[in-house]
Amino acid sequence: MKKLHREICGPVGLVPTMGYLHEGHLSLVRASKKQDINTVASIFVNPTQFGPHEDFKKYPRDEKRDMAMLENTGVDYVFVPSVEDMYPAGFDSWVEPGILQQCLEGAVRPGHFRGVCTVVAKLFTIIRPDRAYFGQKDYQQYLIIKRMASDLNLDVSVEMLPIIRENDGLALSSRNTYLSPAERQAALVLYRSLLTARSLFDEKEHRAEVIRKKMTDVIQHESMAEIDYVSLSHQDTLCESDEVSAKTIALVAARFGKTRLIDNMFLA
C-alpha cells in the first residue's frame with residue numbers, strides 16, 4: 001500500500017467488504033466511481049466481529065468471483081489482506097465504540113462493533129481514503145463508524161447509500177445464500193413489517209407502541225420467523241421514544257432457520 005500511495009493522485013474512495021459481493025456492494029463501488037478518481041475495494045472476512053457461535057467459518061467466500069465482479073464494475077484497486085496482515089502475532093489494541101453500540105446489534109452480538117471499528121480504523125489507516133462507502137442495511141454500523149471517524153479525527157468522509165432490494169423487497173445480503181426456498185419466502189416478512197410501519201406513520205399514527213405492536217404482529221404471523229428485535233429509534237441516536245417522527249428509523253432483526261437477517265427503513 002505504501003507504493004500505491006506514491007502512485008495515486010486525486011481523491012480515493014474506499015468500499016470495505018467481507019466479500020461474496022452482490023449488487024448492494026457494487027452500488028457502493030459505482031457511487032465511488034462517480035465521486036472519486038480512485039476507487040479501492042477491500043475484501044476481508046474479519047474474524048473479530050464474529051461471536052463464538054456465529055458463522056465466521058461458513059461465511060460465503062469466492063474471491064475469484066468477487067474479483068471478476070469488481071473488475072467489471074471498474075474498481076481501480078482491490079485490497080485483500082490476510083488475517084495475519086490485519087492481526088499479527090501479539091496484536092492487542094482495539095477501538096471500543098461508545099453508547100451507540102449498546103442497543104440493537106450491539107446488545108444481541110456483544111463485541112461485534114469492537115471488531116468492526118478496529119478493522120475499519122485499520123483499513124482507514126492503511127488505505128487513507130477521502131471517502132468510505134457503507135450501505136444503509138447495516139445502519140447502526142454506519143452510525144458507529146461515522147462517530148468513530150469524527151471522534152478520532154480520521155480524515156475521511158463516511159458516506160451511506162440506500163438499501164438495494166430484490167424485486168420482491170428482500171434486502172440484499174451475502175447471508176441470503178444460506179436461506180432455503182421456504183426460508184427466503186418467509187424472510188419477506190421483514191420488509192412487510194417495515195412497510196407496515198411506514199404506512200401507519202403516513203396515516204398519522206405517531207404512537208411508537210402501536211406501530212411496534214403492528215410490526216411485531218406482522219413478523220410473528222410467519223411461523224418460521226424468530227424475532228431478535230423490533231425497534232423504532234431516532235435516526236441520529238438510536239434512542240427509542242414514545243412518539244415517532246420524521247426522524248425515526250424502523251429496524252428489525254429475525255432468524256429464519258439458522259440464518260439471521262436485519263433490515264430497516266426510514267419512516268419519512
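One-based numbering along the chain as shown.
Keep in mind that glycine also has a Cβ here, set from the backbone N, Cα and C atoms.
Taken from Swiss-Prot, the feature active site, proton donor covers His25. Long-range Cβ proximity for His25 (active site, proton donor), meaning a same-chain Cβ under 8 A and a gap of 6 or more residues, is found for Val15, Thr17, Ala41, Gly135.
The ATP binding site feature in Swiss-Prot is assigned to 18-25, 135-138, Ile164, 172-175; the stated evidence is sequence analysis. Following the DSSP three-state reduction, the secondary structure of Gln136 (ATP binding site) is helix.
Within 10 Å of the C-beta of Gln49 ((R)-pantoate binding site) we count 21 further C-beta atoms, all protein chains included. Sequence annotations record features per position, and here Swiss-Prot assigns (R)-pantoate binding site to Gln49, Gln141 based on sequence analysis.
For the recorded site, Gln49 ((R)-pantoate binding site), the DSSP three-state label reads helix. For Gln49, the entry in Swiss-Prot reads beta-alanine binding site.
According to DSSP, Leu21 (ATP binding site) is assigned to coil rather than to any helix or strand.
Separation of the C-alpha atoms of Gln141 ((R)-pantoate binding site) and Ile164 (ATP binding site): 17 Å, rounded to the nearest whole number. Distance from the CA of Gln49 ((R)-pantoate binding site) to the CA of Met18 (ATP binding site) is 11 Å.
Cα-Cα distance from Gln136 (ATP binding site) to Gln49 ((R)-pantoate binding site): 18 Å (rounded to the nearest whole number). The distance from the Cα of Gly24 (ATP binding site) to the Cα of Gln49 ((R)-pantoate binding site) comes to 20 Å.
On its own chain, Ile164 (ATP binding site) has His22, Glu23, Gly24, Ser27, Gly135, Ala171, Leu172 as residues at least 6 apart in sequence with a Cβ closer than 8 Å to its own Cβ.
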